[in-house]
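Annotated in TrEMBL:
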- Gly11, Ser12, Gly13, Lys14, Ser15, Thr16: ATP binding site (BINDING)
Amino acid sequence: MKQIGVTGGIGSGKSTICGIFRLLGAPVYEADAEAKKLQDENQDIKKGLINLFGSFIYFENGKLDRKKLAGLIFSDKSLLKEVNELVHPVVHAHYEHWLTVNGRAPYIIYEAAILFESGFYKDMDEIILVTAPEETRIARVVSRDKLTYEQVKSRIQNQWPEQEKRKLADYIIENNNSNLVIPQVVELDKRFKNNGKIR
Ligand SMILES: CC(C)(COP(=O)(O)OP(=O)(O)OC[C@H]1O[C@@H](n2cnc3c(N)ncnc32)[C@H](O)[C@@H]1O)[C@@H](O)C(=O)NCCC(=O)NCCS
Ligand SMILES: Nc1ncnc2c1ncn2[C@@H]1O[C@H](COP(=O)(O)OP(=O)(O)OP(=O)(O)O)[C@@H](O)[C@H]1O
């Protein structure tokens with residue numbers, strides 16, 4: 001079983017691409033979505049975040065105030081690092097467990113926005129980078145999440161520049177508004193199912 005990492009900057013289209021892999025039968029682990037669930041449920045993360053910020057970072061119903069956390073960490077690199085160091089080991093342990101259940105498929109997809117930044121790319125057999133021009137990505141996220149241009153920019157400033165990611169990627173999916181993405185994903189799916197060969 002191959003572990004395929006899918007990454008890309010904010011708004012590049014990772015989730016959209018992973019949705020196509022899922023339709024083709026691949027198990028997909030969504031690290032960012034799982035991180036959000038674990039921030040609400042895992043007691044070690046909850047205690048750690050309350051220690052760092054105070055109990056106001058959680059709502060009374062026990063859910064994390066993500067908007068508040070985002071406002072604090074994306075403008076402060078050292079706080080972001082502390083939060084990452086708290087959350088990432090728990091997500092990785094959760095993923096290892098998920099693999100024991102889903103690892104019988106020919107390949108699995110591990111989707112994460114900060115696969116390179118976290119260092120977890122080293123555990124992957126191959127890496128797909130999803131790309132789109134920065135202005136396109138910002139426009140997509142502003143429209144999807146109702147964030148401001150500046151809020152999206154501050155997240156981009158905490159992610160590796162595209163040219164650094166390109167150097168470490170095995171495959172690149174161009175998800176601009178002119179390339180068709182489904183054929184690019186279908187070709188990669190064939191390759192991964194056939195052990196690297198295109199038939
Ligand atoms: C800080 C949080 C609560 C803000 O929530 P919010 O709903 O506003 O944003 P959302 O989760 O939809 O993230 C949108 C995008 O922001 C960017 N982003 C998120 N976390 C990070 C981060 N730690 N570093 C850099 N960029 C990030 C990504 O491009 C992501 O796809 C949330 O982003 C979060 O939980 N981040 C941690 C995710 C994580 O650690 N993932 C990796 C697991 S190994
Ligand atoms: N080729 C495309 N053309 C037009 N819109 C697109 C395209 N690809 C993705 N989108 C839209 O852009 C937005 C961002 O895509 P998606 O959520 O897949 O990105 P992501 O990389 O997972 O984002 P994030 O890092 O913020 O989680 C979504 O609203 C999606 O529907």
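For all residues, glycine too, the Cβ spot is worked out from N, Cα and C.
Note: TrEMBL annotation is automatic and uncurated.
This view paints the features noted in TrEMBL onto the structure.
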{"residue": "Gly11", "record": "ATP binding site", "Cβ contacts under 8 Å, 6 or more apart": "Ala132, Thr136, Arg137, Ile138, Ala139, Arg140, Val141, Arg144, Val152"}
{"residue": "Ser12", "record": "ATP binding site", "Cβ contacts under 8 Å, 6 or more apart": "Val130, Thr131, Ala132, Arg137, Asn175"}
{"residue": "Gly13", "record": "ATP binding site", "Cβ contacts under 8 Å, 6 or more apart": "Val130, Ala132, Arg140, Ile173, Asn175, Val181"}
{"residue": "Lys14", "record": "ATP binding site", "Cβ contacts under 8 Å, 6 or more apart": "Val6, Thr7, Gly8, Glu111, Ala113, Val130"}
{"residue": "Ser15", "record": "ATP binding site", "Cβ contacts under 8 Å, 6 or more apart": "Glu30, Glu111"}
{"residue": "Thr16", "record": "ATP binding site", "Cβ contacts under 8 Å, 6 or more apart": "Asn175, Val181"}
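Listed in chain order, the residues near the ATP site other than Gly11, Ser12, Gly13, Lys14, Ser15, Thr16 are Gly8, Ile17, Val130, Ala132, Arg140, Asn175, each with its Cβ within 8 Å of the site Cβ centroid. Not one of the binding-site residues Gly11, Ser12, Gly13, Lys14, Ser15, Thr16 has a CB under 6 Å from ligand 1. Look at Lys14 (ATP binding site): DSSP puts it in a helix.
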